[in-house]
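Novice: I have a structure I would like to understand better, so I am pasting it below and will then ask my questions one at a time.
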């Protein structure tokens with residue numbers, strides 16, 4: 001009497017299961033994140049560590065620098081995040097939240113790794129980019145006022161010399 005053990009199909013199934021078992025961990029370990037995916041994970045980490053009331057969402061990601069092919073090597077990143085309307089206490093993805101009007105904007109720099117198994121990042125963010133924006137607005141307004149004043153002075157000088165020029169009557 002012939003049993004299933006004696007048949008060739010058991011050997012094939014055993015080999016198939018062995019190969020499947022060996023390749024599955026490699027697929028999980030070897031997953032390489034895209035540059036943007038790694039940054040989004042870093043933003044999630046920042047939200048978890050943050051003591052602010054609301055979640056932050058990626059606002060702008062600076063262009064990807066040229067990188068080597070090793071996903072374990074830390075890659076430099078630079079991006080801005082903006083405060084959303086979602087409280088940090090809810091379990092929601094920041095991408096599902098709207099930006100808060102006049103919300104806090106933070107500029108962040110650091111490094112991320114693209115290897116999902118390592119999933120490491122070292123990011124630091126400035127406290128308030130709005131102060132820089134306000135200073136820029138003040139400087140722009142001051143420049144406009146100074147420019148307007150110089151334009152008036154220039155017109156007066158032009159008028160003065162225009163009056164001094166000899167006039168010829170016809």
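For all residues, glycine too, the Cβ spot is worked out from N, Cα and C.
So Swiss-Prot says this about it:
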- 1-30: signal peptide (SIGNAL)
- 31-131: region 'Cathelin-like domain (CLD)' (REGION)
- 86-97: disulfide bond (DISULFID)
- 108-125: disulfide bond (DISULFID)
- 150-162: region 'Active core' (REGION)
Novice: Determine the mean pLDDT over the region 'Active core' (150-162), rounding to the nearest whole number.
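Specialist: Averaged over the region 'Active core' (150-162), the predicted model reaches a pLDDT of 82.
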Novice: For residue 86 (disulfide bond), write down the residues of its own chain that are at least 6 apart in sequence and whose Cβ falls under 8 Å from its Cβ; none is a fine answer.
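Specialist: Set apart from residue 86 (disulfide bond) by at least 6 residues yet with Cβ under 8 Å, we have 54, 55, 92, 94, 96, 97.
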Novice: Where DSSP helix means H, G or I and strand means E or B, what are the helix, strand and coil counts for the region 'Active core' (150-162)?
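Specialist: Summed over the region 'Active core' (150-162), the classes give 13 helix, 0 strand, 0 coil.
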Novice: When the number of other CB atoms within 10 A of each residue's CB is tallied over all shown chains, which of the disulfide-bonded residues 97, 108, 125 has the maximum?
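Specialist: It comes out as 108.
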Novice: Could you give the number of helix, strand and coil residues in the region 'Cathelin-like domain (CLD)' (31-131) as assigned by DSSP?
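Specialist: DSSP classes over the region 'Cathelin-like domain (CLD)' (31-131) add up to 21 helix, 37 strand, 43 coil.
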